[in-house]
Amino acid sequence: MTPLSAVATPTPAPAEAADSRFSNTFLRLKKKLERGVGKAIADFNMIGDGDTVMVCVSGGKDSYTLLSCLLALRERAPVDFRIIAMNLDQKQPGFPAEVLPAYFESIGVEYRIVTEDTYSIVKDKIPEGKTTCSLCSRLRRGIIYRVARELGATRIALGHHRDDMLETLFLNLFFGGKIKAMPPKLVSDNGEHVVIRPLAYCTEADIAKFARTMEFPIIPCNLCGSQENAQRKQIKTMLQGWAREHPGRIESIATALGQVVPSHLADASLFDFRNLTRDTLVAEGDIAFDRAELPPASAAVMPTVMQLTDHRTDGK
């Protein structure tokens, strides 16, 4: 196990004049992302005064964007919190170990680089051609928790975004038999660590646009040679198709994650159906025989709806 080096504290970078060379379109996108991150932090009480936030930075577009937004928000936040960027070098072949330290130095953020050869462990345990992501993720999580403890971090920030949350929802629904997504905030099983996902309201498309304009030094995520899980790939393709063909559908599903009605599902651990009697009042009201009130379909969706209606009518 490689011993940890001290946290590096670079000289703060001068205030960037970069915004002046960006288009108004980009500045609106930047503001949109920062507003989304700020709203998620407020909605789920992710960061408080005096917190030390360890931001896990892999070298991908999502974690770069997360770090950028948190640094920007810290400048005007009503609470004071510390940010430490952390990268885990898992000794994957071809990993450019010099990229992230140079980037962290250039923006003046505290950082910690941790080196652990999990790549060799994974390759030894997983047969060739099989997806290594699950074992790799477990090993990485254990190291992240350990480093957070050593740094005294009170929050661990991950770069998962809204699309990741929705993909996880449908993966569990279609292949796991559960209505379960990816929470914006959680506590580790041992109760020691609080994990937050400040990009919970941000879309992958917006993040990708932001990262391209910022010209982050992206490190490829496939250095290990592992392929994306086939099931997740199916879900991603499905959601991308819905986004193209049914405007508003993805937004509606995302909204639904925060509007769960346990009394109208079938999980007895969430709602006490067994002791439900005539005298029991349910907060959601008596709508057992009511049709759900739905918003009117958008103009883009109406032709499809009409075709389906005509088809059903013709088939009677």
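The backbone N, Cα and C atoms fix where each Cβ goes, glycine too.
Model, not experiment: these values are computed from the prediction.
Swiss-Prot assigns the feature motif 'PP-loop motif' to one of the listed ranges (58-63, 244-249, 310-315), namely 58-63. It is Cys133, among the binding-site residues Cys133, Cys136, whose Cβ has the fewest other Cβ atoms within 10 Å in the structure shown. According to DSSP, the secondary structure content of the motif 'PP-loop motif' (58-63) in residues is 3 helix, 0 strand, 3 coil. Each residue in the motif 'PP-loop motif' (58-63) has a pLDDT score, and their mean in this model is 96.
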